[in-house]
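*Asks:* The structure is given below, and queries will be raised subsequently.
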Amino acid sequence: MATIDKHSYAHMFGPTVGDRVRLADTDLWLEVEKDYTQYGEEVKFGGGKVIRDGMGQSQASCFDTVDLVITNALIVDHWGIIKADVGIKEGRIAIIGKAGNPDIQDNIDIEIGPGTEVIAGEGKILTAGGIDAHIHFICPQQIEEAQMSGVTTMIGGGTGPATGTNATTCTSGPWNIHKMLQATNDFAMNFGFLGKGNTSLPLALEEQIEAGVCGLKLHEDWGTTPASIDNCLAVAERYDVQVAIHTDTLNEAGFVEDTMAAFKGRTIHTYHTEGAGGGHSPDIIRACGEPNVLPSSTNPTRPYTVNTIDEHLDMLMVCHHLDPSIPEDVAFADSRIRKESIAAEDIMHDLGAISMIASDSQAMGRVGEMITRTWQTANKMKQQRGPLAPDTERNDNFRIKRYIAKYTINPAISHGISHEVGSIEVGKLADLVLWKPAFFGIKPAMILKSGFIAAAPMGDANASIPTPQPVYYRPMFGSFGSAAAKTSMTFLSQAAIDQGVPEKIGMTRMVGVCKNTRNIGKKDMIHNNWQPKIEVDAQTYEVRADGELLTCEPATELPLTQRYCLF
């Protein structure tokens, strides 16, 4: 039997079981847990390679074969870290397993035929597209910026650089909702819009849900009172949509206890739950211990560094229309920025008490850095806290699964779209991102929407090959013409679909329904469901979880920074 040495095998077909891979310049290492490809029967495309007529490619028609196969990919998802071929059919993940030609090979799950395109996944990491569930839709240019970072779904609200949108993630009222649905029709990105949830009577909320939002947003700048919270959640319960909340920093209408009492045990997504992005000062972070609260962070505080505190004050003044010449406005800003709770936030992510990370795009957060800052946080915690049980010094598989869940499956579950997106699982949209390991978390190698290439780094279009400089991120064919709409989905409430909103306003893209948002809780946040009792000292701002003080030093240096961003 012919053999090949480990180094040559990894170079040719990618890593296999027991091999370890470093994630970019971090201290995080993954180890391959399982390999679905068969040694000696691997498929690979190229001159003199396997995927040729009568060899790895069968004679079968498109009815029996996949449209696209990603060969020898290293899948990193919440459910595992495995090596496999991935077959994609009609825009969805059809099979994860072994690809080839069943006429001459045994145990073939994915049949390759003349109608099958190939993407070489050997030596690359494959992840689900990121889901950013805290978007201020301030400018359309955010969409391309997010896409090029590996994000394929954006959930939030807004209408452009309006004063309300600069501060709050709300698309307010049916007319604005319809305009945003129309404006985003032709982008290669999935969308979900949040209506304004701040009112104490139901009618204005019902009409927004029926107009096409996938959820509602309560924001303190519109008045997040106990009455509006109760009303908003009551309407959401009837329509099966999610509610996101930015609570009352100034404690004008009540304290954190009053807000949590107004929840009445109903499910809610708490934005920037640490508090620097807004929320009851100084103890909104206590919400992380509640069984009905789905907590998230936004990326300006991710991770805690020596620069975090200084940069926040100016950001806050701009985003919330505050005046630095008014002492009360300055005091408002100062009350939100607490190094003690930001330090605790790092540790709460590492222990799974905070379930999600999002951007807060152009409203204190950076839309193209959600994924990067997630892995910077994971790396900081590895350096400061060591392996995360059950991990050992050999690999960080559990920590990697915990952190990738924060921007993929958990926001999908929270907003009722996990049946369509959020993980690499059969039946879901093939919204996928390929990464070279050396660039993982910061520079994707390729972004696919429904199995069609939407964006990638590309060299000089007049060159003789694809790679000559200047190489930079460019939209690909999946971002043009009607293909962008036909490979992308907008998530609406079932009520809006029943009202015929897509047809009435001329939407031509795929439409998905958000569902199962009211019967979930913290327990459903994969790898991130710890519910400690959180206590905050009102004088020192120290944070304790189940009696243990949560604190850490700010980072002075981070991975995934300057060495990747010279141009």
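Heads up, residue numbers simply count up from 1 along the chain you see.
The backbone N, Cα and C atoms fix where each Cβ goes, and this holds for glycine too.
Feature list, courtesy of Swiss-Prot:
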type     : residues                       : note
DOMAIN   : 129-567                        : domain 'Urease'
BINDING  : HIS134, HIS136, LYS217, ASP360 : Ni(2+) 1 binding site
BINDING  : LYS217, HIS246, HIS272         : Ni(2+) 2 binding site
MOD_RES  : LYS217                         : N6-carboxylysine
BINDING  : HIS219                         : substrate binding site
ACT_SITE : HIS320                         : active site, proton donor
*Asks:* Would you identify the secondary structure of HIS272 (Ni(2+) 2 binding site) according to DSSP, in three states?
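*Replies:* The residue in question, HIS272 (Ni(2+) 2 binding site), is coil (DSSP, three-state).
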*Asks:* Excluding HIS134, HIS136, LYS217, ASP360, which residues of the same chain place their Cβ within 8 Å of the centroid of the Cβ atoms of the recorded Ni(2+) 1 site?
*Replies:* ILE135, GLY156, GLY157, THR168, THR169, ALA244, HIS246, TYR271, THR298, ALA358, SER359, SER361, ALA363, GLY365
*Asks:* Of HIS219, HIS246, HIS272, which binding-site residues come within 10 Å of ASP360 (Ni(2+) 1 binding site), going by C-alpha to C-alpha distance?
*Replies:* HIS272
*Asks:* For the binding-site residues LYS217, HIS219, HIS246, which one has its C-beta crowded by the most other C-beta atoms within 10 angstroms?
*Replies:* LYS217
*Asks:* Around the Cβ of HIS136 (Ni(2+) 1 binding site), how many other Cβ atoms lie within 10 Å? Please give the count over every shown protein chain.
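*Replies:* I count 26 other Cβ atoms within 10 Å of it.
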*Asks:* Can you tell which of HIS134, HIS272 has the least company, meaning the fewest other C-beta atoms within 10 angstroms of its C-beta, among these binding-site residues?
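*Replies:* Checked HIS134, HIS272; of these binding-site residues, fewest Cβ neighbours within 10 Å: HIS272.
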*Asks:* I'd like to know the mean pLDDT over the domain 'Urease' (129-567).
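*Replies:* Its mean pLDDT is 96.
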*Asks:* 10 Å Cβ neighbour count around ASP360 (Ni(2+) 1 binding site)?
*Replies:* 29
*Asks:* Where HIS134 (Ni(2+) 1 binding site) and HIS246 (Ni(2+) 2 binding site) are concerned, what is their Cα separation in Å, rounded?
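*Replies:* Per the Cα atoms, HIS134 (Ni(2+) 1 binding site) and HIS246 (Ni(2+) 2 binding site) stand 11 Å apart.
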*Asks:* Closest of the binding-site residues to HIS219 (substrate binding site), Cα to Cα, picking from HIS136, HIS246, HIS272?
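*Replies:* Sorting the binding-site residues by distance from HIS219 (substrate binding site), the top entry is HIS246.
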*Asks:* Could you round the CA separation between LYS217 (Ni(2+) 1 binding site) and HIS272 (Ni(2+) 2 binding site) to a whole angstrom and send it over?
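*Replies:* That separation, Cα to Cα, works out to 13 Å.
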*Asks:* Reported as an integer number of Å, what is the Cα distance between HIS272 (Ni(2+) 2 binding site) and HIS136 (Ni(2+) 1 binding site)?
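*Replies:* For HIS272 (Ni(2+) 2 binding site) versus HIS136 (Ni(2+) 1 binding site), the Cα atoms are 14 Å apart.
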